[in-house]
Amino acid sequence: MKHLTEEQKLTLDMVRDVATREIAPRALELDEKSLFPEYARDLFAKLGLLNPLLPAAYGGTEMGVLTLALILEELGRVCASTALLLIAQTDGMLPIIHGGSPELKERYLRRFAGESTLLTALAATEPAAGSDLLAMKTRAVRQGDKYVINGQKCFITNGSVADVIVVYAYTDPEKGSKGISAFVVEKGTPGLVYGRNESKMGMRGSINSELFFENMEVPAENIIGAEGTGFANLMQTLSTNRVFCAAQAVGIAQGALDIAVRHTQDRVQFGKPIAHLAPVQFMVADMATAVEASRLLTRKAAELLDDGDKKAVLYGSMAKTMASDTAMRVTTDAVQVLGGSGYMKENGVERMMRDAKLTQIYTGTNQITRMVTGRALLFP
């Protein structure tokens, strides 16, 4: 495991302070009222955190995957929805970074430089295309100097608030995975219709929207890469995203563990703090062990991505699976440690438990990530 640089340490100290002072006090309200974290968006923009992977060539800070993973862990510790804001922002930018032409990058990436508050989204999931993304029904037909897109997407994070959306659609359905293309779509494009924002179990401070495309015309120059390269582009983005999901999950688990530990030291039963009870000690020990193991695996995956190592896909899938399962288990155990208090909203752990569930689902369910891991090991 690499030692953190002084710059990374300073960034983390700053993020930890912001998370504790500015983000944590707002977490309960975001959850209860299902509010989009506009305050965090504006604050991150001023601090240079909203677009951490934006290349320096386009005015960005280009922090790297490991640094962003560390940031997401700190944010996830106090408010998973706010961490998801940065993950969604990165999701909509990575496809352009990975596959966009120099002209496309110049036209769009530079808009996110400085203190820009513009938001992005990635639109791939459909009602009939979740784990099986090749089942998507959205179509893009070339007509002269434009593409006409028809179809719909669902559960799109940042969907209704994004200024720039990367949309995946079939340009040649007969070619399967090599028939999918990706397009940059701007907010306000005629034919882009917004459906409902979903009411969710957890991560309620994040917006997930339905999007409909009704003869939506997109300039041909807005295609990302060549026709048919969209699926490979999407897989590359998801491989990176899984590490960020893992980091977020580690943060959620750490936050719940911190609350549980404090409670065991303060809560007195049978004449002494419950920290003295062996069953409680065993629970906390297992929780802490799982959190630290997940943290180390996640950081290893992030380092491999930064190094361009081919094993990053394998480690990213393992990290996402382990960290999200850990988050679900640790938050559930934290509720148990707190007992009746844990079931009440004011203590935060029940929110963390609801938030943790999503980490087992998005960027590929844990069943899918186990398949990715198994295939990478058995069919290298």
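Here the Cβ of each residue, glycine as well, is placed from N, Cα and C on the backbone.
Annotated active site, proton acceptor per Swiss-Prot: Asp91, in sequence order. The annotation FAD binding site is assigned in Swiss-Prot to Leu122, Ala124, Thr125, Ser131, Thr157, Thr365, Gln367 on the grounds of experimental evidence. What Swiss-Prot lists as cyclohexa-1,5-diene-1-carbonyl-CoA binding site is Ser131, Lys178, Arg242, Thr363, Arg375. The feature cyclohex-1-ene-1-carbonyl-CoA binding site is assigned by Swiss-Prot to Ser131, Lys178, Arg242, Thr363, Arg375.
Structure coloured by features recorded in Swiss-Prot.
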{"residue": "Asp91", "record": "active site, proton acceptor", "DSSP (3 states)": "helix"}
{"residue": "Leu122", "record": "FAD binding site", "DSSP (3 states)": "strand"}
{"residue": "Ser131", "record": "FAD binding site", "DSSP (3 states)": "coil"}
{"residue": "Lys178", "record": "cyclohexa-1,5-diene-1-carbonyl-CoA binding site", "DSSP (3 states)": "helix"}
{"residue": "Thr363", "record": "cyclohexa-1,5-diene-1-carbonyl-CoA binding site", "DSSP (3 states)": "coil"}
{"residue": "Arg375", "record": "cyclohexa-1,5-diene-1-carbonyl-CoA binding site", "DSSP (3 states)": "helix"}
Given the recorded positions Asp91, Lys178, Arg242, Thr363, Arg375, find the one whose Cα is closest in space to the Cα of Thr125 (FAD binding site). Thr363
For Arg375 (cyclohexa-1,5-diene-1-carbonyl-CoA binding site), the spatially nearest of the binding-site residues Ala124, Ser131, Thr365, Gln367, using Cα atoms, is Gln367
In terms of Cα spacing, which of the recorded positions Asp91, Lys178, Arg242, Thr363 are within 10 angstroms of Leu122 (FAD binding site)? Asp91
The one of Ser131, Thr365 whose CB sees the fewest other CB atoms within 10 Å, among these binding-site residues: Ser131
Indicate whether Thr157 (FAD binding site) is helix, strand or coil by DSSP. strand
Which one of these binding-site residues, Lys178, Arg242, Arg375, has the sparsest Cβ neighbourhood, judged by other Cβ atoms within 10 angstroms? Arg375
Which of the recorded positions Asp91, Lys178, Arg242 has its Cα nearest to the Cα of Thr365 (FAD binding site)? Arg242
Fewest other C-beta atoms within 10 angstroms, as judged across Leu122, Ala124, which are the binding-site residues: Ala124
Alpha-carbon spacing, Thr363 (cyclohexa-1,5-diene-1-carbonyl-CoA binding site) to the residue listed as 'active site, proton acceptor', which is rounded to whole Å: 10
Gln367 (FAD binding site), number of other Cβ atoms within 10 Å: 11
Report the nearest neighbour of Gln367 (FAD binding site) in space among the recorded positions Asp91, Lys178, Arg242, comparing Cα positions. Arg242
